[in-house]
Structures are given as C-alpha cells and as structure tokens.
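> According to TrEMBL, the domain 'Smr' annotation covers 651-727. Taken from TrEMBL, the feature repeat 'PPR' applies to 218-252, 253-287, 288-322, 323-357, 358-392, 393-427.
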C-alpha cells in the first residue's frame, strides 16, 4: 500500500520510536556508534515522510524510516556525566580490545570535549594513550592543542620521553590538524630539553623550523635549547639555534646572555660577543662579573687590548670590583703584546687594591722584563718575589741568567747561577750554554771549565758545548787559550771533532806555533782526518814564507806528518834522476795524472802557484819549468796563453803567484821565440798581462836583458817585429834557456830584492835557501 503523504507527530520520543518500529518491523534500532543502514524490505516508499516534534518543528524529512538520534530520541546526557562515563570505562577495562568495545557501544554520542575531560581523570599513562588512540580513529574526533599539551606534560612527568618523541612525530606528520598546535609542539621540545635529549630535541627543533619556519618556535623553547647545548659544550649547535633566534628577532633571556657571551668570546667570535654584550646592556640586563671576566680575558688574548681595556673600565661603572683572575688576565695580555708599561700600571693598581700577585703572574712579569732587556726592573720584581716567599722556578732563574749573560754581565750571571745551584735547582741546557759562551768571550777559562764540569755532573752531554768554547777562542785568535782549553778537554775525557782540530792547527800555523801544530796534525791524521791538497799546500806556503831555519825544520816535519801523496812528489822532485829512474818531466806528468781535475782543479792551481814559488826560491828553475809545462798541458790555466794568428799573442799571469808568473813568462817567451824563428810567424804585437801586482817584478826581470816591452798600467806590450829582433840576440836565447850561470846569479839576486812581502793574496818569494834545506826535504 503506497501512501501519498504521511505526517507523523512525535510528541513523545518513546512514541516516535514505537511508531518507527511499527512502520518498519524489520528495522533494528541503531546504536550511537553504528551508522544507519538502508531498509532491507523490498517495499519502497514513494511519498516523503515528515517527522515532527511536539512543537511542530521538523525533525526529519525523507522516504522511509528516519534513523534514531539518541540526542533527540533518548534522554540527554550532561558533558560531565559523559566524560565521567568514558573515564570510568577506561579506568575499569584499561587499554585493550575490551575497552575499545565498550567505548564503541556507549549509549550516548561522545564529543572531543568529553575525551579531553576524561583524560583529566585517568591516572594511568597507557590508558590515557589508549583512549587517545581510539578517539583518533573516530571520524568525529579532532584533538585540540590542550589535549596534546596535557599528554606531553603527562609523559614528561612519567619520564616517557620516547613517547614524547613518538607523539611529536605524529603531530608533525599529521597534515589534517588545523590549526597546528604550536604551543603543544614547543612544550614537547622543552620536555626533551629538560630530559637532556640533545640529538632528539635538536632534531625536533629542525623539523619545526623546516616545516613551519621561525614563527612556530617560541622564545622559551629557543632559550632552553641554547642553554642546553651551551651547558653540554656543543657551542656550534647553540650558535646555529642563536642564528634562528636572530632571524625571528627574539631576544635571548638573561641566562642565555650569561652563557652565550662567554662561549662566543672563548670560541673567537669576538665581534658577535661584543654585539651581544652591547645588546644585553641596551635591554637593561646587567652583565654579571663572569661575563665581564670572559670578555676582558678573550679580548686581551686576541690582542684587542683597547676593547679589553674598555670593557674593564665599564665593569667599574656597573659596580663590580675586578677579581685577581681579571687582573692577571689583563696583565698577561699586555705583557704578551709587549706593552710592559701598561701591564705595570695594572700591576700597581692590582697591588693597591689589596690583591697579592700569584706565583705565575710574578714569574711572567719577571721573565718578560728580562727578555725585553729591562734587567733592573726584572731584578726588582724578582727580589719582591723572593721576599713574598715564592721560590722562583728554574725557568725564571734561567731567563735572568741568560739575559745577563747575553749583555755580558758576568758577575750578575754568576751570582744568579750560584744562587740557583745553592737551592738545588738544575739549570737548563740553554742556560749552561749561555753562561759558557759569556765566560768564553770574557776569557774566563778557569770558571768556564768549572761550569762545564758541573754541567757534565748533572747529566748533560758536554762534548759539543766544549767544542763551541774552543771555537770561540780559535775565531778570536786566542791560540794559547785554545790550546789550554784543548788540554783541559783531553784531561777531562772530552773529545772534539776533526774540523775543530784542523781549525786549531791552521791557527797555530798562522801564529808560528809549529811545535804545537804538529801534535794537532798527528791527532788529526790518526783520527782519519782528510789531509787534502789544500791543507798540504797551505803548509807548504808557510814553508815558502818562513825565514828561520829552526822553523823550517818544524814545517818540514809537519809536511812529512801529513802523509799526503803530494809530499812524496815533492821528495821525488828534489832527488836525482838515478833515484827516480825517470826524467823530471815524466815524473811530473805521472803525478798530475793521479789528480782528479774535476774535483781538485782549484786546489791543484793553488798547489802549482805555491810549488813554483818554492822551486824558484830553491833555484830549481828547470824543475819549475817542467811543472809549469805539465800544468799548462793539463789545462789548469786554460786562458793563460792566447794565439790570435798574425794579430796578437798574449800571456795572462794575473792569477799566478810571483814564482809561477816568472816561470810562465820565461817559458812562454821561449815558445814564442821558437814559433817566430822556426815557423816564421810574426804577430803584430805581443802582450804580457801582469796586473798591477806583478808588473814591476816581470818588468825588472826582463830589463836585465834589455827587453823591448813597454810597461803600461797592467800590461807589458811590444810590436812583434821588435820582439823578433830581440829574440835573435844570443844572450836572450841563453837567458830563456837558463844557460848563463852568471846571469842567473844576477837574476836571482834581483828577484830576492824585488819580491813583495808576505800577504795572503800573493805567494811571495824570499832569497834562495841553502842546500841543507834541500837535503832535509
């Protein structure tokens, strides 16, 4: 049966329920949590049915039976009763399937406010979270910021910080929560901060900042984060959070200022520390003494002394009295910057304030004044330090001693040294070295020996430092003191090296102490010292310059003690051909073949110069000409003779000794003569380049046979034709071949008169030695 229009007045809720059952017997009432289902009857309603209440207001209009609405059809339940019912259900059944089943079959429709009020009456955290999880699955539920805050606080009280992290992650990931409860999320971060969860709290902070920006973060949260990381020493993390705080224009709290400024200062970010320091004062926050101390200390250590002094002066304006630590820091900063006058002003201010400088500060001031050369001030503070009962450290003593030694104040240095030894303090190695050097320079050899023995007794190696003292005497030319010190070293079992032995030997040779020189050379040779050609030649040079027969014998014995191959050559050169079993020229060539011309080219030239000097003095001109000829053949003097075809022939003797120059001139002119007479080659001119030193000697030698050479500044020159006519004279031929004994006697007499005195640059010649010297070699 189809009804056109049916109007049902529901004057009584119970009557309305009965009417709906009569109209549709198969329909089952819906519970509060079960959604209405379409009628299972096949009878379709064609007319609209209107359900009215007692006042005639429309409750429902539609085809068929309307769903049951407990809020209308059942008795109304107050919010407090609904919340109590929910809390009672949860407390009774706890968390689990039973509790959720009871909650699904409540006889009233719950609201989000009921859930929040029920949570306030549930003590168990698991039950509270069970109710919250159940409500989150309902379509009608949307949690409020107060609910999240309540749960975060409850977890914080219970110590369930893993739950706080989990709930925070759900809150961040839930995109349906609108508006986002920023206060609750900040509360969660602060809870993690209080728990000391560094990584977790910083991670939560980063999530909020990246997703919602700086506006989502509260000042209290940022301050607590900064304070946590600063207290844990993670300054770089705190600085990162502080940058976010600056971007959000949030001012730090006073506690954060107190922690942040010292951390910025100690980490080297002084400009940021000063900026925050000024900002702190502008906000009316009074800096603490710790802040002032850290700023003064950090600025001073960084060398920003003006800023450090400014902060130091501001501290008095705020009513703070500088501490001993601040005084010490400021003094130390001025001292290290070299501003001793400013440091001493603060020092005097510190003492006038009643503070007593500590041991470290006294030591620093004393040593800084000593190193700056202000020894009087240093000794004054040092005396005050001793009167105050401070026992100076070895470094302080050493500093004072070294500075007195460096200025040559031997008496003061020895006084400090004796005080140091009297107190049983062990001087450092540098202290001993400085004291030994000043004693050596002052030639106090006995005191230096005493200090060296004391140095050895405390365990320091003394060989090197004893050798250093020996070198001081050698360089100073005090050969007698050097020999005396060497004897002391030998008696004490202290050894030196071959280099110093050689230096002392050469000093003895220069001073004419040949008797003392020979034992040194023997020691040098027995210690595997290298007697090279230079050393042997230097000894031979002393023999050339020697004028006393007794000294010559000593030098001869020294030459033999060298055991150098050049000495065997010298001995063989002066023996007769019957003992050599070979001509002189061959003997000389064999000797020069054994010389390494690449390594010993310079020493070989030096040896040739001195040897030719000696041979000329001994009257061995033929042997000298052989030596020069072989030397020229071995290209030891490659640019001495130059043939420029028909234009010019020249001989350069500027780098030769006197004897070598004379032999070279005679031998070379003989070669020129043979070339001009036998081969008919006549140059335009012939030059003898002598230099200013040898010019007179060569000119006087050639003048004895009326040479055509004209003397200029450094050259003897003549036209080739004139020299050719001169070469044709028999006396010139005999002179060049050295065949006129009478002429040789005259020539040698002139040479003995004209040879210059002994100077290092010129290997001079002296009158010929008697044949006894020849036999001694």
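Using N, Cα and C of the backbone, Cβ positions are placed for all residues, glycine too.
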> What is the three-state DSSP composition of the repeat 'PPR' (323-357), stated as helix, strand and coil residue counts?
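Secondary-structure composition of the repeat 'PPR' (323-357): 26 helix, 0 strand, 9 coil.
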> For the repeat 'PPR' (218-252), what's the mean pLDDT in this predicted model?
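71, rounded to a whole number.
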> In the repeat 'PPR' (393-427), how many residues does DSSP assign to helix, to strand and to coil?
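Going through the repeat 'PPR' (393-427) residue by residue, I get 26 helix, 0 strand, 9 coil.
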> For the repeat 'PPR' (253-287), how many residues does DSSP put in helix, in strand and in coil?
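Summed over the repeat 'PPR' (253-287), the classes give 26 helix, 0 strand, 9 coil.
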